[in-house]
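J.: This is the structure, below, for whatever I ask next.
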Amino acid sequence: MFAFAGSVFLMALYNLGAGGVTVSNVLVGMLVFAGGITLILVAMWEIARGNTMFATAFLTFSTFWLSYSAVLIPSFGVMEAFASTPEQIPKALGLYLFVWWVTITCLIPGVLGKSTLFTILLSTASIAILMLACGTYTSTKAVNITGNALLLVVTAIAYYIGVGALLASEPGSAFSLPLF
């Protein structure tokens, strides 16, 4: 959960223009290694534990982070392909995010009744991605800001789940967080 939360957090901060940072190199590193590769490993461990739903969720998000980082990595040539038609970039990215909204939304029924926190996390992530898809496609800054603000909520929920799970797995922890 920490790798997921960190990736979401940095992406939201980057998209919101925190600190005036516009160069995506640090974001790409986080997306590839923490968001992509780490979540693939987590998915494999979840499969070994028999948690198909959580394995699917982590693998889905790892492919999102890896595919999004491919858009940002110049040697993949994704952005360069739009050199003659730069006006298509927001539409293409909006369609890309719309596909991910559908994919993330399809995960929600799998967690209903299993984990309220994970249901809230996926539902909030789904709404955030839909807002980002719409905001990007239409180049509407306010909608993008709303989507990224929702990603900050997703970050907080993911960190909470991560800390709660960590504390629950450690005997003798000074306190615990309810995981419902």
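Each residue, glycine too, has its Cβ placed from N, Cα and C.
For 27-45, 52-73, 93-112, 119-139, 145-168, the entry in TrEMBL reads transmembrane segment.
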J.: Below 8 angstroms Cβ to Cβ, which residues of this chain, lying six or more residues outside the transmembrane segment (93-112), approach it?
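T.: Sequence-remote neighbours of the transmembrane segment (93-112) are 53, 56-57, 60, 64, 67-68, 71, 118-119, 122-123, 125-126, 129-130, 132-138.
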J.: Quickly jot the same-chain residues contacting the transmembrane segment (52-73) by Cβ under 8 Å, restricted to those at least six beyond its ends, or write none.
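T.: Tertiary neighbours of the transmembrane segment (52-73) are 4, 7, 24, 27-28, 31-32, 35-40, 42-44, 46, 79, 93, 96, 100, 103-104, 107, 110-111, 114, 118, 122.
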